[in-house]
Amino acid sequence: MPAPETGASSREKSLEDLQVATLEKGRSTSSFGADNEKPHDHHSLSDTIMAPPDGKQKDHGKAVDLNDDSLFAHLQEHEKEVLKRQLDAPSVKVSFFTLYRYASRKDILIILVSAICAIAAGAALPLFTILFGSLASAFQGISLGTMPYHEFYHKLTKNVLYFVYLGIAEFVTVYVSTVGFIYTGEHLTQKIRENYLEAILRQNMAYFDKLGAGEVTTRITADTNLIQDAISEKVGLTLTAFATFVTAFIVAYVKYWKLALICTSTIVALVMVMGGGSRFIVKYSKKSIESYGAGGTVAEEVISSIRNATAFGTQDKLAKQYETHLAEAEKWGVKQQVILGMMIGGMFGIMFSNYGLGFWMGSRFVVGKEVNVGQVLTVLMSILIGSFSLGNVAPNGQAFTNGVAAAAKIYSTIDRRSPLDPYSDEGKVLDHFEGNIEFRNVKHIYPSRPEVTVMEDVSLSMPAGKTTALVGPSGSGKSTVVGLVERFYLPVGGQVLLDGHDIQTLNLRWLRQQISLVSQEPVLFSTTIFRNIEHGLIGTKFEHESKDKIRELVENAARMANAHDFIMALPEGYDTNVGQRGFLLSGGQKQRIAIARAIVSDPKILLLDEATSALDTKSEGVVQAALDKAAEGRTTIVIAHRLSTIKTAHNIVAMVGGKIAEQGTHDELVDRKGTYYKLVEAQRINEEKEAEALEADADMDADDFGQEGVTRIKTAVSSSNSLDAVDEKARLEMKRTGTQKSVSSAVLSKKVPEQFEKYSLWTLVKFIGAFNRPELGYMLIGLTFSFLAGGGQPTQAFLYAKAISTLSLPESMFHKLRHDANFWSLMFFVVGIAQFISLSINGTAFAICSERLIRRARSQAFRSILRQDISFFDREENSTGALTSFLSTETKNLSGVSGVTLGTIIMTSTTLGAAMIIALAIGWKLALVCISVVPILLACGFLRFYMLAQFQQRSKSAYEGSASYACEATSAIRTVASLTREQDVWGVYHDQLQKQGRKSLISVLRSSLLYASSQALVFFCVALGFWYGGTLLGHHEYSIFRFFVCFSEILFGAQSAGTVFSFAPDMGKAKNAAAQFKKLFDSKPTIDIWSDEGEKLESMEGEIEFRDVHFRYPTRPEQPVLRGLNLSVKPGQYIALVGPSGCGKSTTIALLERFYDALAGGVFVDGKDITKLNVNSYRSFLSLVSQEPTLYQGTIKENILLGVDKDDVSEETLIKVCKDANIYDFVMSLPEGFDTVVGSKGGMLSGGQKQRVAIARALLRDPKVLLLDEATSALDSESEKVVQAALDAAARGRTTIAVAHRLSTIQNADIIYVFDQGKIVESGTHHELIRNKGRYYELVNLQSLGKTH
């Protein structure tokens, strides 16, 4: 291999080149961040092993502060520039109109037509005041006898017809505007969702290192819903209210400008109250949204690793962590709602004062003979309607401010220019390339940990068509090589070259399409096996081949990866859905599909980041042969902890501390006896010793040997008999039920709860009310003041009638007119103060109730989700994305029956009730005629409420599906990026949203028809009232006062009934949300952690027995996993389970942990059936260390303490378990020690470091039974040796069951059970099994590490 260029001059030159390349404007990557792939060394920001002793440790949970120069002080200027470019994010100023930035010409046209209709609908009501004034003058004329009856009747009928025409116009305009705004609201929100997802897929990995997948889900669901709320029907309602306000004031000024001007003065006070209040509301709304986003990330982390949380019983601790974010959000939410309540109270107070002022001044103008009563009434009525309509703008103001606050977050991501953009066309595309990769003086620092250098001055040549293997301890920078070749990050110094071209100058998407990556923890997408493998063809020359050709390529790749046979054994073959993140497959099966995906496109460059670590020895041997074959003729970079897999590599590079320690072939390095030799020694299965053991055992009694064979055969026979028994049961069941279902699917189908429970409205109201039981005092205060506030309008109608009758007094009584006017004006002012106090107190009380309801509902829903057993999470509808989205969206919707909505409904109900009673008391004839229309109004409102609830039910599932899909893609962003699947992901998401949009349009058209009817009926009601009341007045049955009391009461009452219906969407959403919650809370899992049932164990010996256990996964009832398993473990024994992928080893562990219960047979511990034991008590004696370690956001200490219930663990205990897990020295080398934050999903640590933290957590429980599901598969040889020694020590005195693919780790087991197809085919010690030369012997030979000759 040529010596790498050295010397200062060449380094300066390459850094200079890099500067030029990286400073070219706007290049970008796809993101490589909070990927559930739990990157090991990738953003192994734990390569902290090399942290400078004085290096200030950063809080990795938070974003790096780019203005904090101390973080970058040790770096050169161009290095700072490279790091800052990868983290930089613009702060975006968002106004309401920027919510419309994606509107097309068609959208704008619809919005304009809808706006014109909304304005026209708003103008109708003030025009009604002109007719009102005209009729009032006629009423005065007929009362005083100055107008003949026939003239009065003609004027009355003409004006009443005008009312009818106005009603028809109102119906048409309201309908058009409602449909238009709801349609464009949904359409534009869809575009925002699509653009946001596209922007997320464009981001570089460093951006994801600080962003959780849960936050993305929250933004794409809850936050876009807030935007939709802000640009849908509420815009129409606001424009209507505003048009009413403007038109009313124009009418008032035209009729009599002096009086109008005096009344307008109070509007200034109104505007000041609204403006001041809105500023604070926006501020608090933003803070509340941020807190919920952080909570969403916690929820996503926990739900996606539910098996771990269940095994350790950490549900309560993790729920408390989630609740701290909820409490923070509640604090800001209450402040926001209190300000809103006071703002509305202030507005009503000012309005009532306005009437008092207008009436008082109007009386002076009437006495001065400047105006008549009709003009004063038109002006006052216009000002009254105008001011009230301005009041209707306020509640919608909250929706607009929330929408703008949510958009600020979303647009800042959309507007961020990623420095590594997979969509960009910039950069060269090479027509032909060989595949020579060279690292030249490369220095690398992860942007989210600027104080740690993870790679220093690495020069390495990886020739075309050759295999280069990277080995070394965890955190030595091996996976960083992969990250740099894939251009997930920008190096801060030196160059990475492909055939002599700096890869920074090449087109990013093209580059990634030439490379295939298989990582240690493979991510599959929730679709069929076929589609998963087909993803490997995206962007390649095969992408647009015929369907048959693509199927042929996929099947060939599966054969090469040794996956074809197990796929064909599945009932649906290649069309089998793998479930979320591939959970329905075993680790080895997932890995083989990931390998097939990588090789299907015949790539020039293959990156294997521990590609076979999850495979059993047999699969590994075959797959390794396939990979060796696949590697022929292409550049291959292999990272391996299992050294047997890289013996044949052309060049082996041993890395330590971010530098190259040595390189050469296997034989050369073994002869050199350096770093590599030590690693090999640690892992070698010493065959010489085996040979000796064989000789020593050769003189064993032959009978014993025979006996062993018989035992094996007996076991096989008995297990086949028991399987026949189950088959017999199944046949009987089939005869009985007449279906082709197996007995197990019959058993399993019972376990799936009822999909759609029907709950009555009363049940749901009681259910929601229970959340607010502790706030009963606040509720009563809120309700009391809602009643008082509701009495404001009927009182005002009474005062209004008094005012009109006072103004209608003849000239001879002007002295009385002035005296009465003064008194009634003062009354208006008093009612105004009462309204301010009532609404402020009512707003505050309900704010507290509403926010606490949301917090409790979220908290309890989260706890209910964590209560469910594992089969609940296996179901497709309960994916991490769907559940996270449910927590963020549906809880918000519950507030539709609390807070402001509930207060308003009670107020309007009081108004309607009081108005009817007063009207009936004063003039029953007219009151009854007016009241007859009210039920029609109510029916319209309830129908609309019903329609919206139906619409909500339909749309929810579609948006939940698309949200879940987006969450899955963003949480696996590294995989999406390496497959260049960005446009494919976006396309699928786009199609899901389009489908939903078409569905919802029909529903909107129907429900808007009913809403428009409810608005128009007000005018018909008024027309009827005026016609009948006028007739009574003409016949002198009623005085003006009696007419106006009845008329005003019912008019304002009917309007109030109309207001209730504008809350129908909120109530519809709340009803639907409540049904979802009730269903969740009612679903009692079979294995219930809340239950006190079952025997609680005081102690445990650790004797375990599986008796004839049959098992199938609930989501796969047709696929048997265990077929009559018999297995026994004595207390304190160390048992190992080995065998090929998918043979039931991990299932055995899952049954022991009671993640599931056996379908037939039983699992016994100390002779007790574990299904009869209390599940929490039982699990407290167990500890599980699984293949994919799970850490949560928080510090190393917090993660270790999750192993136990109590927090007061002594420092000595903590240090002891860390030393036992070989993690103590590493933790102490970190600047912040145990208080180091591990990042989202432990992303700041490498795979090996995460696994050792997980082992420390398991040991902290001091378990009686230790379950190791490939606990050391993520470790390099050196760590593995120490951790294995620690595990061996930890196993003493306790029962240990280990699933192992790496056989060197289980040589010393007391008994090794060899599994095949859900049964045990042989068992014995390592020596016995080697001597038997059976299945185990084959596995050992496959894994041998002898020299290559």
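Including glycine, each Cβ sits where the backbone N, Cα and C put it.
Taken from Swiss-Prot, the feature domain 'ABC transporter 1' covers 437-682.
The domain 'ABC transmembrane type-1 2' annotation in Swiss-Prot covers 780-1069 and is backed by sequence analysis.
The domain 'ABC transporter 2' feature in Swiss-Prot is assigned to 1104-1342.
Its Cβ placed at the centre, Asn308 (N-linked glycosylation site) has 22 other Cβ atoms within 10 Å. Per Swiss-Prot, the feature N-linked glycosylation site maps to Asn308 (among others).
The DSSP secondary structure for Asn878 (N-linked glycosylation site) is helix. Sequence-distant neighbours of Asn878 (N-linked glycosylation site) (same chain, six or more apart, CB under 8 Å from its CB) are Gln868, Phe872, listed in sequence order. Marked as N-linked glycosylation site by Swiss-Prot: Asn878 (among others).
Long-range Cβ proximity for Asn893 (N-linked glycosylation site), meaning a same-chain Cβ under 8 A and a gap of 6 or more residues, is found for Asp1066, Lys1069, Ala1070, Asn1072, Ala1073. Positions annotated as N-linked glycosylation site by Swiss-Prot, on the basis of sequence analysis: Asn893 (among others).
Here Swiss-Prot flags Asn1126 (among others) as N-linked glycosylation site, drawing on sequence analysis. Secondary structure at Asn1126 (N-linked glycosylation site), as computed by DSSP, is strand. There are 16 other CB atoms within 10 A of the CB of Asn1126 (N-linked glycosylation site), with all protein chains counted.
According to Swiss-Prot, the feature region 'Disordered' maps to 1-62.
According to Swiss-Prot, the transmembrane segment annotation covers 108-128 (among others).
Annotation comment: Swiss-Prot describes 162-182 (among others) as transmembrane segment, evidence class sequence analysis.
The transmembrane segment feature in Swiss-Prot is assigned to 234-254 (among others); the stated evidence is sequence analysis. Note on the transmembrane segment (234-254): residues 114-115, 118-123, 125-127, 129-130, 174, 177-178, 180-181, 185, 260-261, 263-264, 378-379, 382-383, 385-387, 389-390, 392-393, 396, 399-400, 1062 of its chain, located 6 or more positions outside it, place their CB under 8 angstroms from a CB of the stretch.
Residues or ranges marked as transmembrane segment in Swiss-Prot: 257-277 (among others). Here the transmembrane segment (257-277) has long-range neighbours at 249, 339-340, 342-343, 346-347, 350-351, 353-354, 357-358, 361-362, 365, 370-371, 376, 379-380, 382-383, 387, 390, 393-394, 397, meaning same-chain residues at least 6 beyond its ends whose C-beta is under 8 angstroms from one of its own.
The transmembrane segment annotation in Swiss-Prot covers 339-359 (among others) and rests on sequence analysis. For the transmembrane segment (339-359), the list of distant contacts is 259, 262-263, 266, 269-270, 273-274, 276-278, 280-281, 284, 379-380, 383-384, 387-388, 390-391, 394-395, 398, 789, 792, 796, 799-800, 803, 821, 824-829, 831-833, 835-844, 846-847, 900: same-chain residues at least six beyond its ends, Cβ to Cβ under 8 Å.
The transmembrane segment annotation in Swiss-Prot covers 371-391 (among others).
Positions annotated as transmembrane segment by Swiss-Prot, on the basis of sequence analysis: 779-799 (among others). Long-range contacts of the transmembrane segment (779-799) within the same chain: residues 348, 352, 355, 772, 824, 827-828, 831, 834-835, 837-839, 841-842, 845-846, 849, 902-903, 906-911, 914-915, 918, 1045, 1048-1049, 1051-1053, 1056, each at least 6 residues beyond the stretch ends and with a Cβ under 8 Å from a Cβ of the stretch.
According to Swiss-Prot, the feature transmembrane segment maps to 828-848 (among others), an assignment based on sequence analysis.
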Q: Give the distance between the Cα atoms of Asn1126 (N-linked glycosylation site) and Asn308 (N-linked glycosylation site), rounded to the nearest whole Å.
A: 26
**Q.** Considering the transmembrane segment (1016-1036), which listed stretch of 108-128, 162-182, 896-916 counts the most C-beta pairs under 8 Å
**A.** 162-182
(Q) Mean pLDDT across the domain 'ABC transporter 2' (1104-1342), rounded to an integer, is what? (A) 86
Q: Specify the secondary structure state of Asn308 (N-linked glycosylation site) as given by DSSP, simplified to three classes.
A: helix
